[in-house]
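Here is the structure we will look at, set down as structure tokens.
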Amino acid sequence: MAIQTSNLGYPRIGLQREWKKTLEAFWSNKIDEEQFLTTMKEIRLQHVKVQQEKGIELIPIGDFTYYDHVLDTAYMLGFIPSRFSEFTSYLDVYFAMARGSKDHVASEMTKWFNTNYHYIVPEYEEGLQISLKDNRPLRLYEEAKQELGVDGKPVILGPYTFLKLAKGYTQEQFATILKQLVAPYVQLLSELHAAGAQVIQVDEPIFASLTKEEVQQAKEIYEAIRKEVPNANLLLQTYFDSVEENYEEIITFPVSGIGLDFVHGKEGNLHAISKYGFPADKTLAVGCIDGRNIWRADLDEVLTLFTTLQKQVQTKDFIVQPSCSLLHTPIDKTEETHLSTELFDALAFANQKLEELVLIHSALTKGTESISNELETYRNVHHTIRSSAVRNREDVKAARTALKEEDFSRPLPFEKRYELQQVALELPLLPTTTIGSFPQTTEVRQTRKEWRNGVISNEQYEKFIEKETEKWIRYQEEIGLDVLVHGEFERTDMVEYFGERLAGFSFTKNGWVQSYGSRCVKPPVIYGDVAFINGMTIKETVYAQSLTEKVVKGMLTGPVTILNWSFVRNDIPRKEVSYQIALALRHEIELLESSGIRVIQVDEPALREGMPLKEKDWDAYITWAVQSFLLATSSVANETQIHTHMCYSNFEDIVDAIRALDADVISIETSRSHGEFIDTLKHTTYEKGIGLGVYDIHSPRVPSKDEMYKIVEQSLEVCDPKYFWINPDCGLKTRRTEEVIPALEHMVQAAKDARSLLKTNA
């Protein structure tokens, strides 16, 4: 029996976020291209070296990127939109596609399946010449071989998933374009095989949610590829869920091995294997360590899994690997010594997960006695955290038990509430607002750092925050916005801020993961029962409201987003954790309302991303996600207006869920997705307050008034002007002041023009 250790992908960002810093230095012209490429190579090779030293046998090559692996694939295959044709160098084209430029909008960005990672959406255009423009995986494979002597495992995004994630073609064109991908993939794989690649990992995460017809279509493509590259050792890799529905067909694909997720798809994949077995002539790559969470594995459970598999499958060849790329986990926990011992011991970041793979390999090849000490340690760690007082609070349990049906609904229906709110708030037609945050300048970040390091006092820091808040209240008044925000200068991150003020959360010092491009986030760790402690946003919001006669919105992050953007305890259902968060937020919302705040926004940008990949599992998730939002927001008076915000989602899947949230106003990203939600509203109705984002805040370019007016015009074709709001796509935290002010001025002018037109046509 042959058993190997493997990894599917390693975090890109560097132990001290060297990758992020290098990218941003290059973008701001602080380093030149040569220095950029040299530093990136050093980081890339260091990651390979770490995995080599940890004892991983099949080390992924090509998972490293300058921005996004889907964008890498798009560039490699020639999926380059014509609007970027004026750029000549690779990096200029690449980063223009990712970030846009002064004159060109970026390609769309959206969530990578149900994770908090974002990918750049490939664009197909008529007349596109699909070819292998650049065999990047080959270059990186040869680099690792020459520089480190590592015969790595090239990782590529599979043709079917790639094209399914792309946009710009009709369904009728899909099959034709898919066939056009065969030639470049054949060339790519042929060259890798000729260079000596022993195993080539082909990622097809979309296989977890395909129809039988689609699987057959994908199989034909793999048969066409295999015909031309008969000797390449292809490992077909799936993850994020099981392939149960199509397992019987997938195991007949002409590949040498198949990777399955036995963490997030354990039940389905095991059921399929028990029914259909597994081919003797293929390698089974077992995703047995959670690549999306930060907890130590249950080694006993993993070894039991292998015992079950060895009884049920015909193959003798296994690969021990994570459930997915470790892109979604921080790199190393060794710096987190500030954490309690019980929590620190329970954690496993990427490097620790690699060590777990080696432990499992040892147990499988040498017997469990070879890791008997480690097994005992793991059992003790799991017992300690499970029985901890922070996970067994009686007050939290009592609050959950006491919930009644009326806790999940507003007293009056939307139409009647909105009438009362219009009287109370006295807002104009097509009111303007922003999504919440304003620029976190170098001064803001530096002052916060000084405060956290004890260089300045609490009083000095609070004075600084008040000064920034007042400055931006005045800016908003001058610009002419209708509903203002305090700017969130006191907040580092929209989830971390609340987690720091709620019981049950803990925070890492260096637990960074990539969200999109160079943007990294440090998710909170929900390790215990969540409960309210003290007011979290009252002071700053009430201060901002005291500065102006205009309405100021309270700003909170919703329970489902806090859940989905955190590393969550895995000993109770996610629904229960979400309800705990909702109850804590409910208390905060009641305090805001009693302090005179009449508009309260509860953001849920991550509602869609938490949905299971399989449609059959959607209803159960949506039910408790919506109930969580309602639990947080339903205790306010009818006159209090509840807003919510969403971005980067496939909204057509959740229109009914959005409606069920019963928010008085929802603001939704529209501009970067090129108006897709506007198209969705052409086929359905939305009868509540809605703001469709009129400009993309993730690009540095300042859009013209006319661009925004066009989106307003398109939106009003499908939205009732009585309920329509005008706002940017998202918060403005990452933008510069000189970008924000003119953009908002253009937005307000577009709103005024639209109001004038509506009055003229009335």
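Using N, Cα and C of the backbone, Cβ positions are placed for all residues, glycine too.
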Need a hand: Swiss-Prot gives R17, E18, W19, K20, R519, C520, W565, E609 for 5-methyltetrahydropteroyltri-L-glutamate, which of K102, K111, K682, K688 is also on that list?
K111
Of the candidates E669, E713, E745, which one does Swiss-Prot list alongside H645, C647, C730 as binding Zn(2+)?
E669
E488, E490, E549: which one does Swiss-Prot list with I435, G436, S437, D603 for the L-homocysteine site?
E488
Top Cα neighbour of C520 (5-methyltetrahydropteroyltri-L-glutamate binding site) in the set of recorded positions S437, D603, H645, H698:
H698
Could you name the residues, excluding I435, G436, S437, E488, D603, of the same chain that surround the L-homocysteine site, i.e. Cβ within 8 Å of the Cβ centre of those residues, in sequence order?
T434, V485, M494, M555, Q601, H645, C730, G731, K733
Say you check the Cα of R17 (5-methyltetrahydropteroyltri-L-glutamate binding site) against those of the recorded positions E488, C647, E669, H698; which is nearest?
H698
Using the structure shown, find which entry in R17, K111, H645, H698 (the recorded positions) has the sparsest Cβ neighbourhood within 10 Å.
R17
Quick check: of the binding-site residues listed here (K111, E609, C730), which one has the Cα closest to that of D603 (L-homocysteine binding site)?
C730
Spatial neighbours of H645 (Zn(2+) binding site) among the binding-site residues W19, I435, E609 [C-alpha, 10 Å]:
I435
If we check Cα distances from G436 (L-homocysteine binding site), which of the binding-site residues W19, K111, E609, E669 wins as closest?
E669
Rounded to the nearest angstrom, how far is the Cα of H698 (active site, proton donor) from the Cα of E609 (5-methyltetrahydropteroyltri-L-glutamate binding site)?
19
What residue among the binding-site residues E609, E669 has the most other CB atoms lying within 10 A of its CB?
E669
If I restrict to non-local contacts, at least six residues apart, and a C-beta distance under 8 angstroms, what lies near S437 (L-homocysteine binding site) in its own chain?
V485, G487, E488, R491, M494, G731, L732, K733
